[in-house]
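Colleague: Structure below; questions to follow.
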Amino acid sequence: AQYGSCSLRRMSVMEVLELLDQLVDESDPDVDFPNSFHAFQTAEGIRRAHPDKDWFHLVGLLHDLGKVLVLFGEPQ
């Protein structure tokens, strides 16, 4: 109920990917490249391995988007 209404903010996927670059991921604090790069890298790796599963490419891109909630006060 808290998140289903999208009442906090509405953003495009690209806007959320850009926001990912503003946070330090607790699970990978030593990474020296933007978090959005990881999302694109994951999607591209899946595309190469599974070229016929476009839904899977999308899942690879979206898999970490929820991490931006930390920028709005949620724990990681």
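Every residue gets a Cβ built from N, Cα and C, even glycine.
In TrEMBL, annotation is done automatically, which means it is predicted and not curated.
I grabbed these lines from TrEMBL:
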- His38, His63, Asp64: Fe cation binding site (BINDING)
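Each of these features: where is it, how hidden is it, and who are its neighbours?
Modeller: Sequence-distant contacts (6 or more apart, same chain, Cβ under 8 Å) of Asp64 (Fe cation binding site) comprise Leu20, Asp25, Asn35, His38, Ala39.
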Colleague: Residues near the Fe cation site, His38, His63, Asp64 excluded, by Cβ within 8 Å of the Cβ center?
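Modeller: After dropping the recorded site residues, what remains is Leu20, Asn35, Ala39, Thr42, Gly60, Leu61, Leu62, Leu65, Lys67.
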Colleague: Please report the number of other Cβ atoms within 10 Å of the Cβ of His63 (Fe cation binding site).
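Modeller: The answer is 14.
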Colleague: Among all protein chains shown, how many Cβ atoms are found within 10 Å of the Cβ of His38 (Fe cation binding site), not counting that one?
Modeller: 17
